[in-house]
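Per Swiss-Prot, S-adenosyl-L-methionine binding site is recorded for 35, 60, 87, 113, and the stated evidence type is sequence analysis. Swiss-Prot lists 113 with the feature active site, giving similarity to another entry as the kind of evidence. The substrate binding site annotation in Swiss-Prot covers 117, 149.
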């Protein structure tokens, strides 16, 4: 059972100064895989063991999950793994902007909390400002991977990424959904979905060489797509 929290509440809107890679990993020079909304972090634990050539950072808005994940990390002594509590839409942009060029090489957003009602659209994890921060940090060819088992969750993410013009899908990937997970370890939610024989909707993107769109123009264009004028959408609450 997912325990939702409202990312728009005052507590979660307080920006946090996140530690630099030098404070998180034994070798901060390794490429970073950033997993946004890592939940209990078991997938990243296994990835850190399989990919010692990378540093793996999981961020999660539910503090108890972060505490448990970090406790496991310490017991396992995974020095290329760390977990941080934060609201990704409030605290990640500055952290990513401070990274050395091409340090961040993969961003994943896997099975995010399903805020699929229109009136809850501002609670979704992938907002235009976060997407632009990711696009500004990733060098051409570096990857953004998104997946969900809820079409009403994945469809807006895909629409926003493609509206930005900053990312392309690999030519060889199936449309509309990639057949498999490019990561060698499934998340806990993904395992659950697979056990039930249900579909998972996946898209892998690679940063292209297009410049970032104007943030205000992207926001306006996104509102037109995500909140058509003829839809009566009550305020968030």
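In case you wondered, yes, glycine gets a Cβ from its N, Cα and C as well.
Distribution of Swiss-Prot features across the structure.
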residue : record                               : Cβ contacts under 8 Å, 6 or more apart
35      : S-adenosyl-L-methionine binding site : 43, 44, 56, 57, 58, 59, 107, 108, 109, 110
60      : S-adenosyl-L-methionine binding site : 37, 38, 39, 41, 66, 69, 83, 84, 85
149     : substrate binding site               : 111, 189, 190, 193, 198, 199, 200, 201
Taking the recorded S-adenosyl-L-methionine site as 35, 60, 87, 113, identify the other residues of that chain whose CB atom sits within 8 Å of the mean position of the site's CB atoms, giving them in sequence order. 36, 37, 38, 39, 59, 61, 62, 88, 112, 125
Just how spread out is the S-adenosyl-L-methionine site if you go by the largest Cα to Cα distance in Å among 35, 60, 87, 113? 14
Counting every protein chain present, what is the number of Cβ atoms, excluding its own, within 10 Å of the Cβ of residue 87 (S-adenosyl-L-methionine binding site)? 22
Going by DSSP, is residue 60 (S-adenosyl-L-methionine binding site) part of a helix, a strand, or coil? strand
